[in-house]
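Below: the structure, in structure tokens.
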Amino acid sequence: MADTDTTRTVVGIIGNIISFFLFLSPGPTFVKILKAKSVMEFKPDPYIATVLNCAVWVFYGMPFVHPDSLLVITINGFGLAIELLYVSIFFIYSDWSKRQKIIIALIVEAVFMAVLIFVTLTFLHGTKDRSMLIGIVAIVFNVIMYTSPLTVMKKVITTKSVKYMPFYLSLANFANGIVWACYALLKFDPYILIPNGLGTLSGLVQLILFAAFYRTTNWDEDEKEVELSTSKSDV
């Protein structure tokens with residue numbers, strides 16, 4: 001048992017490291033946005049979905065919900081902060097119609113979390129029941145987070161271009177799903193295993209699409225769009 005716990009802790013630490021880079025992997029995308037002072041064709045959907053996902057997992061890891069889950073809290077707490085930063089950048093450089101959608105989405109997420117916390121702490125009094133409820137909710141929103149790139153994947157297939165599907169984000173998603181699935185198997189936790197198994201599959205599909213359409217992607221056109229947007233903002 002001790003060996004299993006130690007192995008699980010080590011795998012969890014590795015999972016934290018990979019997840020850390022997963023949350024930072026969209027960095028190049030946001031460098032482009034900041035340089036162009038425009039969100040161009042990038043979509044905020046994955047980042048908005050991840051905000052709620054991280055918030056739910058932080059709550060899941062609390063001692064009064066699911067004990068012995070410190071590693072779940074640490075990485076998702078960091079993820080929540082960085083995803084809010086990404087959404088803020090999208091908000092700053094989007095037009096008003098897109099800003100309205102972002103505001104509405106964040107308000108809905110905040111209200112949902114408030115209701116979820118209230119119901120859990122008021123009506124459920126044991127960690128087993130609380131873990132089950134929050135675990136099921138976490139699975140649902142983890143699935144949403146992992147399927148949110150479907151809009152981007154559809155664009156990749158129709159345009160035969162991967163310039164708006166960040167490679168490192170897809171790679172990190174794949175690696176992250178594998179490690180956390182292993183973490184869940186060591187001390188069986190279906191609430192962590194199910195969504196991360198799906199995350200592994202989602203990341204794999206994205207990597208396959210990247211390999212399939214890399215050669216048909218017009219990278220020069222992407223650079224011209226950034227330069228054009230920058231020149232317009234200087235006028």
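Positions of Cβ are set from backbone N, Cα and C atoms, glycine also.
Those TrEMBL annotations? Automatic predictions, nothing curated.
TrEMBL annotations:
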- 12-34: transmembrane segment (TRANSMEM)
- 46-65: transmembrane segment (TRANSMEM)
- 71-93: transmembrane segment (TRANSMEM)
- 102-126: transmembrane segment (TRANSMEM)
- 132-153: transmembrane segment (TRANSMEM)
- 165-186: transmembrane segment (TRANSMEM)
- 192-214: transmembrane segment (TRANSMEM)
Positions whose Cβ lies under 8 angstroms from the transmembrane segment (71-93), at least six residues beyond its ends: 9, 12-13, 15-16, 19-20, 23-24, 26, 30, 33-34, 36-39, 42, 44, 47-48, 50-51, 54-55, 57-58, 60-62, 99, 102-103, 106, 192
Among the ranges 46-65, 102-126, 165-186, the one whose Cβ pairs under 8 Å to the transmembrane segment (12-34) are most numerous: 165-186
Beyond the flanks of the transmembrane segment (46-65) by 6 or more, those residues with Cβ under 8 Å of it: 26, 71-73, 76-77, 79-80, 83-84, 86-87, 90, 102, 105-106, 109, 112-113, 116-117, 120-121, 127, 130-131, 134-135, 137-138, 141-142, 144-145, 148-149, 152, 169, 191
Tertiary contacts of the transmembrane segment (165-186), as residues 6+ beyond its ends and Cβ separation under 8 Å: 4, 7-8, 11-12, 14-15, 18-19, 21-22, 25-26, 28-29, 46, 146, 149, 152-153, 155-156, 192-193, 196-204, 206-207, 209-210
